[in-house]
């Protein structure tokens, strides 16, 4: 749910701005001077919308647009080809996204025949829904406070603004390259959404050829696509860029542990700890951490080898009983240090025993069965923690501290512990800086790429509308002599694109906010 405080700040702030604007424009004393000030500074204010336009960047735009004319010609030709391909590809992408959303809605809807499903079927559906997370959609609706953390709004809006500015710079340079008069550049704020725009002389735009128009209209999404590619390159090269100050490949560094995290405590994880293993799974970077947790979550609980003499020494008589999910519990004292283990004796009979977890699993090798523990003459058993269905016992190695024994769902560890692959070489360096840079670049890649895809959709009021019109003018004018037929074809394509985009946005919003 969207935080109430965020809504109050947004609505209250806009109300104050609009009322101040209304009062000043209604004032006998300040009306003319205030309106002159707005006009001189290129400002305009309306409900939930502030717009600023200036001509101070015109010289820079004209300089960019007239420099290396031949190279720019080839550059925007590439952009034109990309824009046309992106326009038609957007239909396929939106159609696929819509089908994925509908399939997800059907999967989330309770079946009338499943009201009395067993615990095993419940476990199966939970597992399948979790695995579907790996098949994420390319396009997703983002709502601040719901699927966009409030503490990452700065990254989001900064990336949106930069993507918008780069988009409009593309339009502006292409327009000047095609001899269209450039009036100015501006920035706007709509509710909480920042953006940019360029003001072009419409008459000049209508007089140039359809191919020239295509170069201008495709330039924005082309620049967004290139920006996303540069972001990917920067992300890949980030370890090299930060190499003089940070090193990687030896583990993951803990940057934050949430207050409600199960990993918090005297023998838990602390900021600055270096994690090298999860169970027997080596961790050298963030990707390893995520893959290890996935493996632990979706595979059966791993066991630990223990000698028969140690098992006899640590265990004590217990009475085992079944939990509601079918698993077995045998520790009746509600101890935070004891865990119920199961194992098979020499006669292959399954037994249960309650053991102090740390003494049982410390300095032992992992196993799947008794065969994995056959070493030397002493008899050993593979003891497996008997836990609830989705709960795991995870041994987290973070030397030089003693291993942390985590009992809980692996996803809780994933969501409540923040990590980074970058370890500072010097104590004065911040452990958060690489995370900040990495997070911002990821937002820039996602949002610039999304802006390129969405703007390419042949939809009313988007770049795709003008790309489509210019494309039809360039290709169908000589084939279809009747302009009305050509306009009708364009209208139905635009209508289809608009409906497809609206359906994706509507269902996407419903999926995000209703669940």
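In case you wondered, yes, glycine gets a Cβ from its N, Cα and C as well.
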Same-side membrane placement of residue 139 and residue 482 in Swiss-Prot: yes
Transmembrane segment range according to Swiss-Prot, out of 96-107, 108-119, 120-131: 96-107
Per Swiss-Prot record, range annotated transmembrane segment [choices 41-65, 141-165]: 141-165
Per Swiss-Prot, the range holding transmembrane segment, considering 461-472, 473-484: 461-472
Touch test for the transmembrane segment (96-107) and the transmembrane segment (225-247), at least 3 Cβ pairs under 8 Å: no
CB contacts for residue 171 (Zn(2+) binding site) [other CB atoms within 10 A, all chains]: 25
Stretch among 4-24, 141-165, 170-182, 443-460, 489-509 sharing the most Cβ pairs under 8 Å with the transmembrane segment (225-247): 443-460
Selected stretch (most C-beta pairs under 8 A with the transmembrane segment (461-472)) from 141-165, 170-182, 183-205, 489-509: 489-509
Cβ contacts under 8 Å made by the transmembrane segment (443-460) with residues that lie 6+ beyond its boundaries: 83, 86-87, 89-91, 93-94, 138-139, 152, 155-156, 158-160, 162-164, 166-167, 220-222, 224-225, 227-228, 231-232, 235, 467-468, 493-494, 496-498, 500-501
Remote residues contacting the topological domain 'Lumenal' (473-488) - C-beta distance under 8 A, at least 6 residues beyond either end: 209-211, 213-214
Greatest C-beta neighbour count within 10 angstroms, which of the recorded positions 167, 168: 167
